[in-house]
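Undergrad: Annotations per Swiss-Prot:
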| type | residues | note |
| --- | --- | --- |
| REGION | 1-187 | region 'Disordered' |
| COMPBIAS | 33-43 | compositional bias 'Basic and acidic residues' |
| COMPBIAS | 60-107 | compositional bias 'Basic and acidic residues' |
| COMPBIAS | 108-118 | compositional bias 'Acidic residues' |
| COMPBIAS | 132-142 | compositional bias 'Gly residues' |
| COMPBIAS | 170-181 | compositional bias 'Low complexity' |
| REPEAT | 221-253 | repeat 'HAT 1' |
| REPEAT | 255-286 | repeat 'HAT 2' |
| REPEAT | 299-334 | repeat 'HAT 3' |
| REPEAT | 345-378 | repeat 'HAT 4' |
| REPEAT | 404-440 | repeat 'HAT 5' |
| REGION | 729-770 | region 'Disordered' |
| COMPBIAS | 732-744 | compositional bias 'Basic and acidic residues' |
């Protein structure tokens, strides 16, 4: 393909539209957008920490010594414990030099994010101008020479409403029908658009509401409003190929070819969607007329050939693209050759296309192979066998891969509109299987670039289909991190995934860890702050949905409290590693001041202090501070108890036990007593063991004596009493830890929605039938199952066996 080809510049010349020399944007479109929204470039500030720090759990004076007396922590000798019973921490004390320091909390909204506008990996690179005129536009893979509007389309333009910029779940749609005041009034039943806008404002991930709103507005046949709703949706979910197709079709139906080319430039190279690319190819062939009356037939044919090459280079590896390979071959063959040289050139190009196609696992590979052999024999029978033998091996391998790929993709949902609601575990497993298969290099090629190309194609398909599944984004990034050549793509997967899933701790922690390894403290802190801010917004929304601020928190709110506290804990440890103990303590202080910190932040801070200089005093003070607010939490008490035992501080361990037991419920108290029985049995007195066993039986009279004694003498890997005296089988650790184990039949029946088999009793097959089945090849020989196992089970269950076979 020549370097001066622009697949979207096939209908108009660069002079057809005036553009801004700085931005490359069409001036007419910029003026139109500015007329619609005069406030488009206004910025609004917001305190991003306000929603997280809305309440206070402790006063500023309630500081542990880890913050109040930092010099003592680092010096060590001044903070030695006297070894006596625990004292209450001295709250309110603060060094003079500490008071002079003024802590300025971070405000992520004041920092310039790396990617203000969400742009997927394929077009995230800036437009580079080559003084020589060569190169490509914006790193999109579209060669230079495009119309000026395309050069400015490598990023998604901001929507008409500035409040919609930023993407992700935290963005909400705002227009005349969905303002905060209008949401409070009751909508009329006929106000369909207003009702849908309210649903979207309440939940930006309400995909049925989005699709209904788009359909309703487009049916009004008002072009500007239709464009606005498409831009709003695609600003939030730019990987939705089906919506891009609708948008492009709208512009095509209205003859807006210049806008159409801009849309192609924004989405084509980043979305490996065959239907979208087919529309592009149809458009190119539509505007390049191959008429004998045309004086530009040679130029038109060249444009179409380059468009075919562009298409096949990006999505030609898709198994469903076989028809386009045939279309390209037919187009090449249709050109009349006037000289022997032209005929030879046409045959060489045709052979090149055939030989490239038959090495790809396409759905019509057998037909392609037959056509190729006929083509070679029609040219020269003497050389045909040589050419055919050279490619027969790769074609046979591609056929086998095509069979496996067909089984892998059976039942796979490749639509790219985000799916709201619970995740589909079947789809997640199916995509993982395809990704793993592509990573294994099934074609056996030595070309690393081709292997990476197929893997990236599969990964992009997966994240398009499962946009709200952070696990898939994470796996895509990790697969790319394994190859140094794909480091840029890996980082982009993390950024794009976190943009769509801002509440994902998996993606936030992994991306922050990446920046920590790159020694970029600012970006690392920004990731943590924005993640905590997003979680805080969701928590605040749930509290407001409750209606009563004094009501008991729901399970979802409690879960968010824990998630936010753990996020603070992870951030605190990272900051301590990168910047030192004092900045880490400030993160701990910020977490406590949220008003809903769970015990996790206290445990993390205490252990961080202890491992900083191995002095237990500050750590003990932090544990004691947490005891004021988490003393009725058995898990926290257990952590504190384990810490004291690790210090060989038996006196304070027993004191803590007696102090907290009255605060716990029966179940939690029993768990703590069992832990203390184990401790006394290992390191204490037998009289203490007997007393604790009596307390346990008083608390829970149904407790079996043999259970108590079995727990005392069990080790981490062997339960001597249960396994030797009671003959109980040990619990297999492989059943818990293995991710590759074969799921049970019951689990498979449940995953397919069939529970009828749960009541079936196992039965033995007749000997002759069993012998026949044993002669069949092992299922692993096929790579993937070629039949539905549930239907096979149903067949065995319902089959009538003739008496002669029994």
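Glycine is treated like the rest: Cβ placed from N, Cα and C.
If you look at the structure here, what lies around each of the features I listed?
TA: Under DSSP, residues within the repeat 'HAT 1' (221-253) fall into helix, strand and coil as 27 helix, 0 strand, 6 coil.
For the repeat 'HAT 2' (255-286), the predicted model reports an average pLDDT of 94.
Away from its own ends, the repeat 'HAT 3' (299-334) comes close to residues 1-2, 5, 7, 10, 141-142, 269, 272-274, 277-278, 280-281, 284-285, 288-290, 346, 349-350, 353-354, 357, 360-365, 367-368, 371, 402, 405-406, 409, 453-454, 457 of its chain (Cβ-Cβ under 8 Å, at least six residues beyond either end).
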Undergrad: What are the DSSP helix/strand/coil residue counts across the repeat 'HAT 3' (299-334)?
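TA: Breakdown, helix to coil: 33 helix, 0 strand, 3 coil.
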Undergrad: What parts of the chain pack near the repeat 'HAT 4' (345-378), using Cβ distances under 8 Å and only residues at least 6 beyond its ends?
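TA: Sequence-distant neighbours of the repeat 'HAT 4' (345-378): 316-317, 319-323, 325-326, 328-329, 332-333, 335, 337, 384, 387-388, 391, 394-395, 398-399, 401-402, 405-406, 443.
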Undergrad: What counts of helix, strand and coil residues does DSSP assign across the repeat 'HAT 4' (345-378)?
TA: 27 helix, 0 strand, 7 coil
Undergrad: Tally of helix, strand and coil residues over the repeat 'HAT 5' (404-440) according to DSSP?
TA: 20 helix, 0 strand, 17 coil
